[in-house]
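Copied from Swiss-Prot, the annotated features are:
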- 1-49: region 'Disordered' (REGION)
- 1-17: compositional bias 'Low complexity' (COMPBIAS)
- 19-47: compositional bias 'Basic and acidic residues' (COMPBIAS)
- 66-86: transmembrane segment (TRANSMEM)
- 127-147: transmembrane segment (TRANSMEM)
- 158-178: transmembrane segment (TRANSMEM)
- 185-205: transmembrane segment (TRANSMEM)
- 216-236: transmembrane segment (TRANSMEM)
- 260-280: transmembrane segment (TRANSMEM)
- 287-307: transmembrane segment (TRANSMEM)
- 335-355: transmembrane segment (TRANSMEM)
- 392-412: transmembrane segment (TRANSMEM)
- Asn415: N-linked glycosylation site (CARBOHYD)
- 416-436: transmembrane segment (TRANSMEM)
- 454-474: transmembrane segment (TRANSMEM)
- Asn524: N-linked glycosylation site (CARBOHYD)
- 528-548: transmembrane segment (TRANSMEM)
Amino acid sequence: MHPDQADTAAMQQQTTTECSDRSRPEKAEEGHAREHTVTRTCSREPEQTATATKPTGLKLICLTTAICLTIFLISVDFSILATAIPAITAEFKSVADIGWYGSSYLLTTASSQLLLGKCYTVFDLKWTFLLALLTFEVGSIICATAPSSVVLIIGRAIAGCGNAGLLSGALLILTHSVPLEKRPLFMAMTGGTYGVAAIAGPPLGGVFTDKLSWRWCFWINLPIGALTFLVIVFLFKSPPRSGFDGSRSWLAKVMRFDPVGTLMFMPAIICVLLALQWGGTTHAWNSGIVVALLVVGGVLVIAFGIVQWLMHDDATIPLRIIKKRTIWACAAYQFALGAAFFVFIYFLPIWFQGVQGASAIQSGVRTLPMLVGNIVATAVSGVLVTIIGYYAPFMILGTILASVGAGLLLLFTPNVTAASWIGYQAIVGLGIGFGWQQPFVAVQTVLDIKDVPIATATLSFAQTLGGTLFVSVAQTAFSTKLTQELVSQVPQLDPASILHEGGAAELDKLVPEQYLPDVVLSYNNSLLSAFFVATIMAIMSLVGCTFVEWNSVKGKKADAVPAA
């Protein structure tokens, strides 16, 4: 063997040993009474992969732009309909279908994310991503040309299937385009884009609806998607994938996709989400259909867990991955922080419209403080993690700021000052921005590159599930509290007329002038119940950042706090 080759082999062996020992407790030297944990960190990618094959210069700029455009599509499509729904229901005479415009999209997204994460481990990354993008665009075209409410719902469901593979695919393309130590900065760009699009969606939808047509909320996806498609086709080179072993039987090949687990997981998620969507609104919580959905969903989740244990490496989420402390801690963090973020994104515009009488566009503009805070913190954290190497401190800081800001939002009253609602939102935005992207950096730091697709899909799923579940929980809390408040404060009015016959922006049309102050106060107090749900979830993100390992993206060693 050539001496250089021998040195290289020795270095690779040393790196492997250090990686495998990252969390191994070691005894202190003789004469010391206690043991301590040494946390070893290293890049899980071979050096030659991390440097020689990464795109640079204009090519990297174009790929990063395409990834940010993808993130923009994902995020804005989630929120842009908020201000377009009144125009849609007016055209289709479909008030009863309002809930399905959002839930059909989220149901297919949440139930498909893990399956598509599995596809990324087997099939070519580029073409799997492009297929997901094409599916999303087809769904958008169906929505933009929909002649009826039913067709619009079908289009949203198809777009949701495509969306399920876009976030994890975009982050995987970034993973294979940027060295690990530089990824936090690029992750900050994608995180900032996500925040901008999520908060800009409602006012953008209002502009399209007022100036053009609600259908432009979907047409806008086509040119953005087309540009992204072309950039990825011509500039991104896929890494090698395992594909199918020719020696395997056809049954073994099919089992790589964990069909049994998938057939249990998808209906489980659909059952739980439908129960939360209908419970307390369409049906009572103790109604037979809601109870049945919760029971069936719970049983299927348990069965899915058993299948994952039996399937080993062919499981949708292999236990060897999810058992790693950083992975489950990051998933818990994303679930909780995603829940808080999406509840605020959904309910803050309603507060501005219902309590302060703002228009749809004005309510979107008044959420800009959260957007600015998000962008600033995302950019700052990306730079600092790149410099110092450690992401865990920013997860902790994100939890603290998001929790404090969310708690301050509970002080809202109809007469709250502009300085207060600007400042409180900015604090929440800073918290979300500091913490939002760090889990994606963390999983890339602690896992082998071949396991990153599954972990990335798991984190994306946790975000989506947290937001979906707790927007429904917050909606139930809001509706229940509003009914109680209206019965107590203005018994002369029928609560059903306020809840179902108009939106937050139409209170002055629905309510006689002498009762309006009491109804506005009831609206404020009820929305605080939704904010309380978000506050609890922001605090719960402490669980994730407490247990995440303190590893460095720069490959340095760090000693943990000595154990008692």
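The backbone N, Cα and C atoms fix where each Cβ goes, glycine too.
In this chain, the transmembrane segment (416-436) lies close to the transmembrane segment (185-205): three or more C-beta pairs between them fall below 8 angstroms, excluding pairs fewer than 6 positions apart.
Sequence-distant contacts of the transmembrane segment (335-355), counting only residues of its own chain at least 6 positions beyond either end whose CB sits under 8 Å from a CB of the stretch, comprise 79, 82-83, 198-199, 202, 362-364, 366-367, 370, 398-399, 402, 406, 409, 412, 414, 425, 428, 432, 435-436, 462-471, 474, 478, 503-505, 507, 520, 523-524, 527, 530-531, 533-535, 537-538, 540-541, 543-544. A contact between the transmembrane segment (185-205) and the transmembrane segment (127-147) is absent, since fewer than 3 of their C-beta pairs, 6 or more residues apart, lie under 8 Å. DSSP assigns Asn524 (N-linked glycosylation site) to a helix in the three-state reduction. Taking residue pairs at least 6 apart in sequence, the transmembrane segment (127-147) and the transmembrane segment (216-236) share three or more C-beta contacts under 8 angstroms. It is 127-147 that, among the stretches 66-86, 127-147, 260-280, 392-412, forms the most Cβ pairs under 8 Å with the transmembrane segment (158-178). Listed as Cβ neighbours of the transmembrane segment (260-280) (distance under 8 Å, sequence separation of 6 or more from its ends, same chain) are residues 99, 103, 106-107, 110-112, 114-115, 289-290, 293-294, 296-298, 300-301, 303-304, 307-308, 311, 315-316, 465, 468-469, 472-473, 476, 479-480. For the transmembrane segment (392-412), the residues of the chain that approach it from at least six positions outside its boundaries are 333, 337, 340, 344, 351, 355, 377, 381, 384-385, 420-421, 423-436, 438-439, 442, 524, 527-528, 531-532, 534-535, 538-539, 541-542, 544-545, 548-551, judged by C-beta separation under 8 angstroms. Under the three-state DSSP scheme, Asn415 (N-linked glycosylation site) falls in the coil class.
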